[in-house]
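If you look up TrEMBL, you'll see 165, 167, 168, 172, 408, 440, 505, 508, 509 marked as Na(+) binding site. Among the features that TrEMBL reports, disulfide bond is placed at 271-280. What TrEMBL records for 159-177, 189-210, 231-259, 325-343, 352-369, 401-422, 434-459, 492-522, 534-559, 565-586, 606-626, 646-668 is transmembrane segment.
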């Protein structure tokens, strides 16, 4: 319950109040309850009292820092402290209502009565009537410096390249082309584009806007949206860490191949090496080319399985063997690059992406030009784009389209939130979302031409159909492409730039994934932020040690297990909860108001419909279908045992369970009655400093009061926010 305002002679405002956790008593005719109170317009006095609390409790409900004062036209849009007006004569130095007025009737609160002033007018009269003290000005400047002190992108292009680099990864090269041709070729573009418009792009835009407005990572942001779902942030961090443990191993394979290419001839060109068998066939040397049988393996295939992976005698996840020192060194080199690219924050990673995000496009264009000159390339491209319209009647095609666009753009990893949180507050994130989404999809389509031009040549050289070639995953980039490269003049050059492209594609995504974890943890725990370099080193070491099982002789079985269970299913559920929390609990209109404060205009009705209905429904359907259609794991004819599948589901459940477990924990530690607990858990509990200091808003209109002679805090809780019934005008003090 709000107590009368007390003024002092130090140009400061002190406000004492109770929150919903404590009983309130008003001596006036007012509506009271868990939502607060609202004085009737004809109330003449404002005298309220509260039950006594302990000193510890007093700390919880007293606040002498900044107050975000939001105006609203109706009570339901305000915080649980209610709506009220203040008349001039009710505040005095002793905190009690003045009683020396001649006629109480003259002091009735009436609309338009000149004797009644709003709270903001009262503040202006008291604070702006005299010159502010230098101490106040210095403190405000100090606080603004603290807010501006959060890292920001050096240039807009740094942010765009970082987001593009994260969105465009290895999946654009080895997954999209396969899914496209397998689901109707050119006809697949119809469901793909529809899913982009109604699912991928709205989620992408939502995460960018959310991160840019709240300026914090994937954990802290939920205290400002809906505290009960704070477990989403911890789930995201767990997913990103698990992905970092195996994804970088694939980059390490690329490093191994690239360094192996620095010789007069690529090592997989012939069949006279120690790792080759009698079933080896080489296209570049025509060795055994005329003796192809069901047991024949290409030279590049044997190099990949026997020399790189070392799978001989290790035919399952039950016996993965020891780590291979060559791959351990390659993995260490990858994490060495990663650490020194992100240890200083976006200032360092923003420069690294100028190389890692642009090199893949240069290489893709070079490979496309070279691929189109190969015999059989035209047939391969026709196979890729020829539409099979009948495929559109298969529901699996639409599921694959939704899954591909979702995992290609990457919402749910927390990376978009983290990267956007370093943007300027008024950055046009709408333009960024449209631009990056288009570039990502065009890159996938371009990669399809590069891949199938080479597959057409490979099929013609072997005299087989494209269906009989590895067209997806590691088999495409570590078997088919190297075999083709070995047949080209200047194979060493082509090999180096191809694997350089793979390395840079992977590094961008690693930068983004780990930055999501770093930003989330550092924003939630300031100690980590003050020791960022050490924390990043610890995170990199955890990922490196967790990745050691993936560089063993049977490491590919571990990678396949993690690839199927670490992220795909759990991210669908996490994104579903995220969409529900932002647009149902926090409020789609409130979120739209936030975007308006940044961009100057509200999102269109299309975006709101997608956020509220289409995206949550699609994500829930994809999650249910992913669980329902799960048929176990298989790799190269090897079927995973039940215990391995159970381990996989435990990995999936670990990130999902973060949400309910943390929700229960938050419910237990929240004070108040059952109803009060629920209200506090579904309403924002923190307002960001940058919103208060810069005149941002919780509701549409907001105000900030900088105070003197008090202990200042780094955060402002919504329990210190006062909702005022005003005329909707914007004021800044």
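A Cβ is built for glycine as well, from the same backbone N, Cα and C atoms used for every other residue.
Annotations in TrEMBL come from automatic prediction, not curation.
Keep in mind that this is a model prediction, so the values were computed, not measured.
Taking residue pairs at least 6 apart in sequence, the transmembrane segment (492-522) and the transmembrane segment (352-369) share three or more C-beta contacts under 8 angstroms. Sequence-distant contacts of the transmembrane segment (159-177) (same chain, six or more residues past either end, CB-CB distance under 8 Å): 153, 208, 250, 346, 349-350, 353-354, 356-358, 360, 384, 404, 407-410, 415-416, 419-420, 422-423, 427, 432, 435-437, 439-440, 443-445, 447-448, 450-452, 471-474, 476-477, 502, 505-509, 511-513. A simple Cβ count within 10 Å picks out one of the binding-site residues 408, 509 as the most packed, and that one is 509.
Cα-Cα distance from residue 505 (Na(+) binding site) to residue 271 (disulfide bond): 30 Å (rounded to the nearest whole number). Counting Cβ pairs closer than 8 Å and at least 6 residues apart in sequence, the transmembrane segment (189-210) and the transmembrane segment (565-586) reach three or more and so form a contact. Long-range contacts of the transmembrane segment (231-259) within the same chain, counting only residues at least 6 positions beyond its ends with a Cβ under 8 Å from a Cβ of the stretch, are 170, 217-222, 308, 326-327, 330-331, 333-335, 338, 412-415, 474, 478, 482, 495-496, 499-500, 502-503, 506-507, 509-510, 513-514, 516-517, 520-521, 524, 539, 542-543, 546-547, 550-551, 555, 558-559, 562-563, 566-567, 570-571, 574, 577-578, 581, 651, 654-656, 658-663. Sequence-distant contacts of the transmembrane segment (646-668) (same chain, at least 6 residues past either end, Cβ-Cβ under 8 Å): 227-232, 234-236, 238-239, 242, 561-562, 564-566, 569-570, 573-574, 577, 633, 640, 677, 681.
All protein chains included, residue 168 (Na(+) binding site) registers 28 other Cβ atoms within 10 Å of its own Cβ.
Here the transmembrane segment (565-586) lies next to the transmembrane segment (606-626) in space: the count of CB pairs under 8 Å, restricted to residues six or more apart, reaches at least 3.
Those same-chain residues not listed among 165, 167, 168, 172, 408, 440, 505, 508, 509 yet with C-beta within 8 angstroms of the centroid of the Na(+) site C-beta atoms are 164, 166, 169, 171, 410, 443. Spatially, the transmembrane segment (325-343) is adjacent to the transmembrane segment (534-559); three or more Cβ-Cβ distances between them are under 8 Å for residues at least 6 apart in sequence. The two recorded residues, residue 165 (Na(+) binding site) and residue 271 (disulfide bond), have Cα atoms 37 Å apart.
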